[in-house]
């Protein structure tokens, strides 16, 4: 039944007429609560009325038999469907629930209703979240170029909304500005993207306990090159190459500059005692300084030298640079926050080495694995005495190890991670991004105190757990930045990760595209993902487009550098298509000679903690044939050439092998002496006789036959030998053992000669059956010929088999073999008995019988007689024609 309208309902609020329409939330209702109460009453009334309808079954079928009830149900059902369709149209859902021509099944109508309810409830939840201030649909901030900027159609919506929405919209446009000046263009030193090892940038080593190598000093960097061939190479790298050429290693200039200091570092006793957490100051009460000049950087370094600990964090950008750029550094002390513009002070950041390498000052990082490498790569900065809160969180077995979780756990602060992937190259930085960067280090020192306290309590008031965290942090400080080095086999690593099979042409295209991408990225100082992403490169290699437009079709969106150099890429694809097409190769199949095995496998098998003798071969590749381990003789900078290996007696890998019953190696003349144990084993093996070899002679006559057993009537061997006649006893008795090899050679030669003669005789003497039949009929006045040509062929085949069997049985030497001449044979023997009953089957190749019936004989003779000049008189080499029966 239809619910009563608001106008007809008696419980409508009486105050609706007294209040003006402007103050009403809905027409006839002053506030939302009154409307909810009224709507709830209507829903309850409708539910109660629907419950009073006849139930589906016998009762409903009975009422359905009355026309009035049927008409009432159809009318009310159409009203309900019409209302539901309007609601669905209002919410943008499919509203063809009333159209019986489109939706006829009840299940389909129910599915439409369920989908509409889901949409409505989802929208209600979104509106409730928006009303309560919780917005779950914040868009993540991505680097510029990844999203298409929104086009402003007109000017009326520029200043729409409240002030907060306006500020948020302006920030969004600022983050995704398309035109950003590349900061690499303003750097003093040129970025080194060459395909050479990374050279440390440090030239001054403060807090040093071991001096800096001479090759890394500033005097050596500024000194002109002594060798003219090294003018285009940095001085330190030229010295390294020269040392590799002359094999004179003076100092390892590629080692960690603070290796000695970190190896001998011990945490101060003040940090290994029970800490007293010091609460952080409020963000509004803490001063924040933006460092963008050299004087401010020097002042910052002086302040840091007077602190006992400070927190450090970095913001990095890697999408529009080959090696990446460190765009910002955040430093926080107990009383102040600093944000350093590293793009502006890139060449002067080495000043902070004095405070970062001071072993008396604790540097607090969170997840410093990448930060340590970025500091070395861009600024030549190194860290001594670091505490990594990420390692402490792992040691404490927290639920999560992220900084966001630590802020929520220890400080009760909800961090906003929408700027985590922002483009930090933007200058000037907006206020939101500065606030986000500041929060990363502002609370970190308090978290450091709280985690130290928990580690102290977990270690039973002993600094054991604290020392473990400092040890792990020290290992992170020892990490070194390594440049990506391109080789001819670099593409194989990416190819194996894709887990796809490519043929020779596709793999060649993949290799050429990988080399082109690496060269372009280094030259343009762009990342691999910006030049040509991996999935696009693999798609092009799989498709092998014939036209440049096909390359464009494989990329969506098309990278700018691909569009610029489309012709060069097309030439590479054509070069790959000219390769011969081979079968699909697996990633393991194209694996070439790689580096030497890991040094972790080089352990003594006798004293190792694990038994590695039965380890699978997948984890260890030993390319030597004698089970020894190859070791590299000399270190090599470039590994394209063949590396020489040597065998170390202390690193032999062998498995247990029982060689007692193995056959001796007689390749070197058979002079290998046998030990006593091997002689005994040989005697034992000779006593075991194969029963088949005892009465079946081998072709090479190398099988051992027991003479006593073969001539003993009581033995089974004697019975088998007499039954099967497989071995001639007389021949075995007469044949001397000394002449076995000579006899085998003679028999083989005689067998081959007999085969050749038999084949020649058969070819010469074998006359076609039809010609033989024609000759016989002409000379003997057309007597009855052979009954069946197939029988003759079978006889000939049997004779050939008999002759071949005779040829296989060698005759005694000296007896000549002469094949039988079948041309003088009488083939009447194959004609059969004249009294035999003729076959009931008709054979078209069979001649008519030459009897005394007169007419039949004459007709038969006329069939072969002279009819024209084309038939020769006498013999006919073309045989006889078929005699088909008349109808």
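Positions of Cβ are set from backbone N, Cα and C atoms, glycine also.
Database features, via Swiss-Prot:
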BINDING   313, 315, 440  Mg(2+) 2 binding site
CROSSLNK  19  SUMO2 cross-link
CROSSLNK  583  SUMO2 cross-link
CROSSLNK  583  SUMO1 cross-link
CROSSLNK  710  SUMO2 cross-link
CROSSLNK  835  SUMO2 cross-link
CROSSLNK  861  SUMO2 cross-link
CROSSLNK  875  SUMO2 cross-link
DOMAIN    289-455  domain '3'-5' exonuclease'
DOMAIN    503-583  domain 'HRDC'
MOD_RES   823  phosphoserine
Please list, in sequence order, every residue of the chain apart from 313, 315, 440 whose Cβ lies within 8 Å of the Cβ centroid of the Mg(2+) 2 site.
314, 328, 329, 330, 437, 441
When the Cα-Cα distance from residue 823 (phosphoserine) is computed for each of the binding-site residues 313, 315, 440, which gives the smallest value?
315
At 10 angstroms around each C-beta, which of the recorded positions 313, 823 has the fewest other C-beta atoms nearby?
823
Sort the residues of the domain 'HRDC' (503-583) into helix, strand and coil with DSSP and give the three counts.
58 helix, 0 strand, 23 coil
With H, G and I counted as helix, E and B as strand and the rest as coil, say where DSSP puts residue 315 (Mg(2+) 2 binding site).
strand
At a 10 Å cut-off from the C-beta of residue 440 (Mg(2+) 2 binding site), count the other C-beta atoms across all protein chains.
21
Under DSSP, is the residue listed as 'phosphoserine' part of a helix or a strand, or is it coil?
helix
